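What follows is a set of notes on a single structure, which appears directly below.
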Amino acid sequence: MATSTVVAPLVMRIVASSIQIANRAGRIIRDVLAKGDLGIVEKDGKDDLQTEADRSAQRCIVASLEKLFPNVTIIGEEGACDTRVPEDWLVSDVNGEFLAGNACPDALKQVKESELVIWVDPLDGTSEYTQGFLERVTVLIGISVNDRAVGGVIHQPFFQTDSGTQGRTIWGVKGIGAGGFVPTRPPTDRFIVTTTRSHSNALVQSALDALSPDEVLRVGGAGYKVLQLLEGKAHAYVFASAGCKKWDTCAPEAVLEAQGGKLTDILGRHYTYGKEISTPISCSRFFNFFTKKICDGTQIASAAKTCTR
């Protein structure tokens with residue numbers, strides 16, 4: 001279904017388009033891996049990598065979104081990019097199933113382009129991608145309205161479906177809910193926390209110790225860690241350190257909160273997603289309990305992140 005023929009509120013059209021665009025970006029990411037030359041460069045040191053897949057996926061996403069929504073602000077992790085892309089990278093259709101199956105919440109029906117920002121992480125989990133932890137790789141497209149995350153798309157290019165195909169796309173809109181996965185409650189007989197694999201430090205460990213978990217999962221990718229919460233593999237996601245950016249969290253926050261979870265800083269404050277990007281940002285049933293235990297047990301910088309469901 002072509003976007004130009006769709007009559008739907010702006011936010012709904014952006015989500016429906018982003019589902020299709022994320023799928024296309026996922027194919028590009030798989031293609032780069034299949035060719036064997038990742039084109040790795042270091043952006044800000046050995047722990048901040050960029051690959052040809054990051055660059056190409058962002059070009060696909062931004063070029064497609066700019067063509068469909070030329071007056072909406074788009075902020076991508078890889079900065080300004082060349083949007084002169086191959087024709088088959090341009091996505092102009094929408095996900096008809098999403099539009100047909102969901103009514104726009106009243107609060108989002110009259111949103112204007114000037115109130116929107118789209119946050120793009122074309123390949124979340126670059127270290128996982130380069131080291132072969134492929135299921136943890138995600139494409140993130142987040143939508144904010146008046147500084148707050150309201151919608152998001154999380155695509156896993158390397159997810160193995162039951163039918164043998166690769167890739168799945170999860171979406172969420174506040175006021176509607178989330179789709180593309182089977183929500184699962186975490187275990188009741190043990191407490192599991194997920195956290196960073198490659199950016200741990202003494203502060204992160206202090207936060208984890210304050211929670212006294214039965215098990216700690218150390219994995220890469222903000223999007224993947226939020227998926228662990230949604231699918232009941234962990235109770236909380238804690239990242240008590242600088243390093244996460246708004247393109248890392250906008251989509252996951254929207255999807256998590258659409259499903260009843262919560263993502264904030266350690267003081268319980270929601271992140272703002274306006275057009276200004278001056279600071280890095282640093283996720284319900286158990287949220288107040290988790291944040292109180294961390295704050296009581298250790299001094300955590302305000303950049304810390306706690307995610308729960």
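Quick reminder: no glycine exception, Cβ is built from N, Cα and C everywhere.
Mg(2+) binds E77, D121, L123, D124 as TrEMBL records it, and from the list D248, D265 the residue named for this site is D248. E77 (Mg(2+) binding site) falls within neither a helix nor a strand when secondary structure is assigned with DSSP, and so counts as coil. Each of the binding-site residues E77, D121, D124, D248 was scored by how many other Cβ atoms lie within 10 Å of its Cβ, and the smallest score goes to E77.
Cβ-based neighbour count (10 Å, all protein chains) for L123 (Mg(2+) binding site) stands at 30. In the three-state DSSP scheme, L123 (Mg(2+) binding site) is classed as strand.
DSSP gives D248 (Mg(2+) binding site) a helix state.
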